[in-house]
């Protein structure tokens with residue numbers, strides 16, 4: 001009888017452990033679709049048996065990732081995750097490149113279902129200032145010349161997080177996305193900070209060999225000093241941090257903000273197997289709690 005009771009207890013415990021494994025949602029980057037995240041999906045499923053992983057694609061993938069506004073992409077992302085009953089009790093969230101901004105904006109604006117751990121792979125968190133970026137010549141030319149024209153802001157997703165350190169006033173006046181989700185406007189959105197500080201963990205990574213995200217340290221919210229295209233100001237030395245506009249200082253001081261670097265090139269995340277150790281060391285631990 002005792003053996004039977006112990007067996008039943010072990011089975012119940014195993015079921016509880018499986019059910020306690022939080023689902024994971026993936027959000028791809030610009031100029032790609034969800035197929036680019038399939039290797040990461042496989043790594044997760046191999047590492048955590050029976051886990052549910054949702055690999056989200058916005059619209060038709062590559063085309064819509066460029067020519068759909070960021071707000072529309074975020075709304076579609078929210079609709080997809082909110083319609084999935086397997087995510088109703090919350091999930092962990094991984095974004096890559098532009099997808100890191102879509103994912104973070106979901107946390108700040110919705111956070112329903114709740115996101116527990118947010119993991120940013122090589123994202124332009126502090127902004128983007130450098131071409132070639134999308135490797136479409138006319139798009140890169142527009143980014144380098146007229147990114148803040150109203151029609152461009154409403155037509156090109158990548159223009160919405162273009163941050164020209166030589167034209168900060170124009171950026172703050174015309175940016176319809178990044179200046180908003182980074183809480184850079186004079187009137188702060190308190191909901192953004194409230195939702196972001198509910199995270200158990202925020203994980204930020206950038207690649208020391210990244211030639212796509214410029215500056216590469218933007219993955220850590222670091223960015224060029226106003227008026228400079230060379231001097232990079234670390235997050236902790238920015239007003240963003242000292243005044244805690246988004247809650248990043250709150251997360252940091254409560255040991256919930258984590259910083260990592262990789263050596264894979266931008267496009268090798270998350271495709272090439274030689275990048276897998278970074279997944280194992282810097283991502284997997286945050287999918288198991």
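Even glycines carry a Cβ here, placed using N, Cα and C.
As written in Swiss-Prot, here are the features:
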- 1-20: signal peptide (SIGNAL)
- 97: active site (ACT_SITE)
- 189: N-linked glycosylation site (CARBOHYD)
- 195: N-linked glycosylation site (CARBOHYD)
- 210: active site (ACT_SITE)
- 266: active site (ACT_SITE)
- 281: N-linked glycosylation site (CARBOHYD)
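Overlay of Swiss-Prot feature records on the structure.
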residue	record	Cβ within 10 Å
97	active site	28
189	N-linked glycosylation site	16
195	N-linked glycosylation site	22
210	active site	24
266	active site	19
281	N-linked glycosylation site	11
Residue 266 (active site) to residue 210 (active site) - Cα separation in whole Å: 5
Alpha-carbon distance [residue 210 (active site); residue 281 (N-linked glycosylation site)] in Å: 19
Of the recorded positions listed as 189, 195, 210, the one whose CA lies nearest the CA of residue 97 (active site): 210
Between residue 189 (N-linked glycosylation site) and residue 195 (N-linked glycosylation site): CA-CA distance (Å): 11
Nearest-integer angstrom distance between the alpha carbons (Cα) of residue 210 (active site) and residue 189 (N-linked glycosylation site): 31
